[in-house]
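Reviewing the structure listed below.
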Amino acid sequence: MNYLNESTTLRSWFLTTDHKRIAILYLLSLTFFFFVGGMAAVLFRLELITPEGDLLSADSYNKLFSLHGIVMVWFFLIPSIPTVLGNFLIPLMIGARDLAFPRLNLLSWYIFMAGGLFTLTMIVAGGVDTGWTFYTPYSSTYANTFVILAATGIFISGFSSIATGLNFIVSIHVLRAPGLTWFRLPIFVWTIYATSLIMVLATPVLAVTLALVAVERILGVGIFDPSIGGDPLLFQHLFWFYSHPAVYIMILPGMGVISEVVPCFSRKRLYGYGFVAMATLAIASLGFLVWGHHMFVSGQSMYAGLLFSLLSMLVAVPSAVKVFNWTATLYKGTIFLKTPMLYALGFIGLFTFGGLTGICLATLAFDVHVHDTYFIIAHFHYIMVGGMLMAYLGGLHFWWPKITGRIYSEWWGRVSALVVFGGFNMTFFPQFILGILGNPRRYHTYPDEFQVFHVMSSLGATILGIGYLLPCCYLLWSLKFGRRASNDPWHATGLEWRTTSPPPKHNFLSQPTVSGPPYAYESPHPELVIGEGEPEPH
Amino acid sequence: MRSHQLSIYLTFLALTLLLAATIGLSFVDIRPWNLWLGLAIATAKMLLIAWVFMNLAHSIGPVRVAAAAGLLWLSFAIVCTLADYTTRGWGETPEHWLRQTEHVESYDRVEPPQPEFQIPTASGRALDDSDLGSL
Amino acid sequence: MANEMSSEIAIPYDSADQQRSAATFGMWVFLATEVLFFGGLFVGYVVYRYEYPEAFRTGSAELNLWSGGAMTLLLLLGSMLVAVVDHLIAPSADNRSSLRGPVVRRLVATTVLGIAFLALEFHEYHQLIQDGRFPGHAFRLSDVSSDPLDGRSVEMFFTLFFCMTGLHAFHMCLGILLVGGMAVAIGRSEQPRSLANPMSVIGLYWHFVDIIWVFLYPLFYLVR
Ligand SMILES: [Cu+2]
């Protein structure tokens, strides 16, 4: 008996309060939204193969990139690792039977789906053309598209985020197993904790800001309305107070996954555990003080720009600490290049690249040059897709045996990791060049001389798309035909590996206790084989 | 245990007095201190409600941290936003920080560059001044 | 006794104490969220008060300071009653034979005070709308035209006023429903003490809504 087969009716799934089942519900719904957002990208990448606007009109192009941004940010990237891997793993990792508020956890999924339903309605009704940023006064006064519907969808899903974050914070404080002190927690738990902090403290500001835009559209006046002395820039301040930290909602859990995967496949203790944990908290809190770097050319005071520029560069320090520590963990380790590790190594490279270009953008003068060009697009896709999505896939592969009890095809796993890595770079590296050359974002046409880069980018996107479809196939295949996983197929540490795969309903048959630090990896036996699964019983 | 109930009543009394004080304050003009004293009184009321009514006095550490975090993060939002609004209108080009450059007269007559490509319009014709009239 | 209690403990917890501290801590985290939810509006308030101090003085003079003061008093009184209820029902309190009566009486009184607050507030809204002080087309500029932007900055004051007090009133409505519901639940319950956790959590929420008003009152009614 395990959590998957203890009851199989639909009702038992839709009314479940088991965090593991809720994680599966999220996994399925997020995969759906990911492909909705992906379809939009397919369409506008097709359009951008030629310099003329021959496939899409300017209006549909605007709607498609807005849809892509809204769906990907709020209905995939932000919930992804926390609600899927976090939901599944946090109680297991802290040795608890469930999250602190199981019913709230289920409710948060329903709230999320309600927000998603509004967003889908918005898409079907005709879309929105403000971009995912909803800048005023365009969104509040001029746009003739479904701004209120879109804002409502995001507003609602925000409360799902808040509920999830609150649940994690309380669980990590209250429900840790005996002996599991703060500095014995896996880094993944630390990163989810820091992420929850941001969810709880930043999301409400976004909610009220979007509500104010809706009020302004309904009443005809509002606090961003220049005709009564309102400042449209105030919207940007409030929006980025959430949306910059939101970048860390997306990337911090990814860093957590990498911090689990790298020690396991190097068979070494994580280098500088305390520094990684503290860097996580530092990123989460410093990240709240840098939002003005999105507003350097908006009319914000130059002096505020200087302050935000300086603080933005400071955030690079804890991020660099982490990259250094992962690299130092690899050093002289016994490295197994399994699928999760390939994703993790890809993450480290792409995140570093995205981070370094981020420092470029935090520099005032350079930002003036590349603001609103493809350089920005490339930069944040290196963080969100190259970083976060690689980590998500890496984590999904790493814990797949625990979630499903099955081993996927290692060969296909490695192929997909390489295809995703290659396709990603081919899609987004040319966009750095486009940005430097001055191609602005959000236009459906461009001068002829940029075509070669756009064609490369669209080609890369096709490869990337294949890279995403592959795991869908072989992971599903493994559910039926994969070998059975042992309790700890990677010989990893951590409480989640001390229960069966898949775990029973309340996670552990007896309350686990912890008596030592995490990542107690030792130099392995030369014949150590990991990730092979149990031989089929005859 | 009775004593806790007593402290609740005393707190209410203090809150009422503070309310009277803040109303009284609005009848005297000591600008800008009206604002700051008013906020100080409100903060005192908040602390009393939190400490006694909401039992912060007997709460565990994490609860106090959560209470403080909300306020701290709100102050992040206010302070960083004000960093923009209060410094708007200060000198936007710090010329006096820079070395004075020599005035080169030939730079004054720069030919405007010829556009390399023209903005296409729906009719396929380049934009000219007649388009401005229709705006 | 221990066995009796354990039947009420939810699955994730080992003890009733642990469950209680999770409930209160969770509520405090939620209140931190709420601070930031109102926080977006407070940021707006700070910015526009910094930009248009005169308009805030003009606007504030049109609000009824005494009615606002009375509303504050109603809320403070309600908060006090809720604090007493929370104290009476807490598991640490001494076991008195009947606490249902005193608890329910106080909760009903709190509900009534909350409704009185809303009545005063909606009365004030009504007056302001009659006076052409609701933002939008009906806003009357003629008598404030000496203020910045021909008086439209006063419209900004009232936009903020209606948004912030409106959001607060929405929270009051929820609070009244919760406290009223709690009065009913405790009145019907065989063991009122088993409702100590929800009561504490709802109490915290009620106090929080009170604190928000404690700031809104001087910021809108008492501007000099
Ligand atoms: Cu940013």
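Using N, Cα and C of the backbone, Cβ positions are placed for all residues, glycine too.
Those TrEMBL annotations? Automatic predictions, nothing curated.
Annotation source TrEMBL lists domain 'Cytochrome oxidase subunit I profile' at A:13-515.
TrEMBL lists A:502-538 with the feature region 'Disordered'.
Under the heading transmembrane segment, TrEMBL lists A:21-44 (among others). Nonlocal intrachain contacts for the transmembrane segment (A:21-44), taken as residues 6+ away from its ends with a CB within less than 8 angstroms of a stretch CB, comprise 3, 13, 55-56, 61, 64-65, 67-68, 71-72, 75-76, 79-80, 83-85, 87-88, 105-106, 109, 112-113, 116, 120, 123, 403, 444, 461, 465, 468, 472.
Residues or ranges marked as transmembrane segment by TrEMBL: A:64-94 (among others).
Same-chain residues lying 6+ beyond the ends of the transmembrane segment (A:106-126) with a Cβ under 8 Å from its Cβ atoms: 15-17, 22, 25-26, 29, 33, 36, 63, 67, 70-71, 74-75, 79, 83, 145-146, 149-150, 152-161, 163-164, 167. Positions annotated as transmembrane segment by TrEMBL: A:106-126 (among others).
Sequence annotations record features per position, and here TrEMBL assigns transmembrane segment to A:146-175 (among others).
Long-range Cβ contacts of the transmembrane segment (A:187-214) within its own chain (Cβ-Cβ under 8 Å, at least 6 residues beyond either end) map to 82, 85-86, 89-90, 93-94, 134, 136, 139-140, 147-148, 151-152, 154-155, 158-159, 161-162, 164-166, 168-169, 172, 222-224, 235, 238-239, 241-243, 245-246, 248-249, 252-253, 255-257, 259-260, 270, 273, 276-277, 280-281, 283-285, 287-288, 518. The annotation transmembrane segment is assigned in TrEMBL to A:187-214 (among others).
For the transmembrane segment (A:234-258), the residues of the chain that approach it from at least six positions outside its boundaries are 73, 77-78, 80-82, 85-86, 133-136, 140, 161, 186-192, 194-195, 198-199, 201-203, 205-206, 208-209, 212-213, 223-224, 280, 283-284, 287-288, 290-295, 298, 322, 326, 344, 347-348, 351, 380, 383-384, 387-388, 390-392, 394-395, 398, judged by C-beta separation under 8 angstroms. Marked as transmembrane segment by TrEMBL: A:234-258 (among others).
With a threshold of 8 Å between CB atoms, the same-chain residues lying at least 6 positions outside the transmembrane segment (A:270-291) that come near it are 183, 185, 187, 190-191, 193-195, 197-198, 201-202, 237, 240-241, 243-245, 247-248, 252, 255-256, 259, 262-263, 308, 311-312, 314-315, 317-319, 321-322, 325-326, 328-329, 331, 362, 517-519. What TrEMBL lists as transmembrane segment is A:270-291 (among others).
As annotated by TrEMBL, transmembrane segment applies to A:303-321 (among others).
Annotation source TrEMBL lists transmembrane segment at A:342-366 (among others).
Feature annotation from TrEMBL assigns transmembrane segment to A:378-399 (among others).
Distant neighbours of the transmembrane segment (A:411-433): 337-339, 342-343, 346, 350, 357, 374-375, 377-379, 381-382, 385-386, 389-390, 393-394, 397, 453-454, 456-468, 470-471, 473-474; these residues of the same chain sit at least 6 beyond its ends, with a Cβ under 8 Å from one of its Cβ atoms. Here TrEMBL flags A:411-433 (among others) as transmembrane segment.
Remote same-chain partners of the transmembrane segment (A:453-477), defined as residues 6 or more beyond its termini with a Cβ less than 8 Å from a stretch Cβ, comprise 31, 34, 38, 41-42, 45-46, 48-49, 51, 393, 396-397, 400, 408-409, 412-413, 415-416, 419-420, 422-428, 430-431, 433-434, 439, 446. Under the heading transmembrane segment, TrEMBL lists A:453-477 (among others).
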(request) Take the region 'Disordered' (A:502-538) and count its residues per DSSP category (helix H/G/I, strand E/B, coil), listing them in that order. (result) 0 helix, 0 strand, 37 coil
(request) Across the whole of the domain 'Cytochrome oxidase subunit I profile' (A:13-515), what does the mean pLDDT come to? Round it, please. (result) 94
